[in-house]
């Protein structure tokens, strides 16, 4: 096989972003900056709260903490560069930088997919088999879930990177997006894109679709179980599960559309990519934890503890 990597003449790519309009770029700069700050603050607060409060040292919150870490990572692989690009007007990215973005995008999305499935399994056991929850969902199992999710994420991202590195780039270098990903980058390769499209469908689209079907089935079983065992807290559990599924749908929906039907309209792809890289990371802490009474109570206790410690600190005059 010829060394197609050495044949690549493109040393950098131009990220066209979401719009060429200066007014829209200003709007996106403000909105995405606010979303990014809120995502980092919200998820960091969740991680700190769970670590600081011993009452939250349970499997479910361990998984939620890892979800927050992944969300902060997913929000950071491309958004900060996009924000700074709006300020500097410098929208190029090196070839290595582009490949790095592809690696981290698939690492974090692949890891999050497996982690969402683990969290769905946790809720399924908690609701459908509550008497066996403690014996099934052990701390060791949750650690195994997290390790497996990262291993799968690394394996999946490596397959995408190896595939991208075998593509020859010898001409166009304008990426019609605000970050590098295979659906837009492989359009620039100097080879027939039909086979490349099939590869993406088989490695990303079908995997995302299969995982979504499994998650959808688990939530259906949970909702049916809740309906058949009506109790005082049924409406609360139903509301929580519905909110969880909305977030799952917002994360998987764009991924399935982008990777199952390449190539599609770049405008649609850009809009959908915003959902799982910018919107979903900020929705997860709101839906999964900030609506949780135990987490809100722990946050209040942490805030009061910090305020009291500040009041107790004596002021020294020199």
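Yeah, the Cβs are placed from backbone N, Cα and C, and that goes for glycine too.
Values in this document were obtained by computation on a predicted structure and should not be read as measured data.
In the predicted model, the domain 'G-protein coupled receptors family 1 profile' (42-288) has a mean pLDDT of 84. Per TrEMBL, domain 'G-protein coupled receptors family 1 profile' is recorded for 42-288.
Counting same-chain residues at least six beyond the ends of the transmembrane segment (27-51), those with a Cβ under 8 angstroms from any Cβ of the stretch are 17-19, 57, 61-62, 64-65, 68-69, 71-72, 75-76, 79-80, 82-83, 86-87, 278-279, 281-282, 284-286, 289-290, 295, 298-299, 302. As annotated by TrEMBL, transmembrane segment applies to 27-51 (among others).
Taken from TrEMBL, the feature transmembrane segment applies to 58-79 (among others). Through the fold, the transmembrane segment (58-79) approaches residues 32, 35-36, 39-40, 43-44, 46-47, 50-51, 101, 104-105, 108-109, 111-112, 115-116, 118-119, 122, 126, 137-139, 141-143, 145-146, 149, 178-179, 276-278, 280-282, 284-285, 288-289, 295 of its own chain, all at least 6 residues removed from its boundaries and within a Cβ separation under 8 Å.
The transmembrane segment annotation in TrEMBL covers 99-119 (among others).
Sequence annotations record features per position, and here TrEMBL assigns transmembrane segment to 131-152 (among others).
Annotation source TrEMBL lists transmembrane segment at 194-225 (among others). Outside the transmembrane segment (194-225), and at least 6 residues removed from its termini, the chain residues within Cβ reach (under 8 Å) are 106, 113-114, 116-117, 120-121, 123-124, 127-128, 156, 159-160, 163, 167, 182-183, 186, 238, 241, 244-245, 248, 252, 255-256, 259-263.
For 237-259 (among others), the entry in TrEMBL reads transmembrane segment. If you look at the transmembrane segment (237-259), the same-chain residues 6 or more away from its ends with a CB under 8 A from one of its CBs are 109, 112-113, 116, 119-120, 123, 127, 183, 200-201, 204-205, 208-209, 211-212, 215-216, 219, 222-223, 226, 268-269, 272-273, 275-276, 279-280, 283-284, 287-288, 291.
What TrEMBL records for 271-290 (among others) is transmembrane segment.
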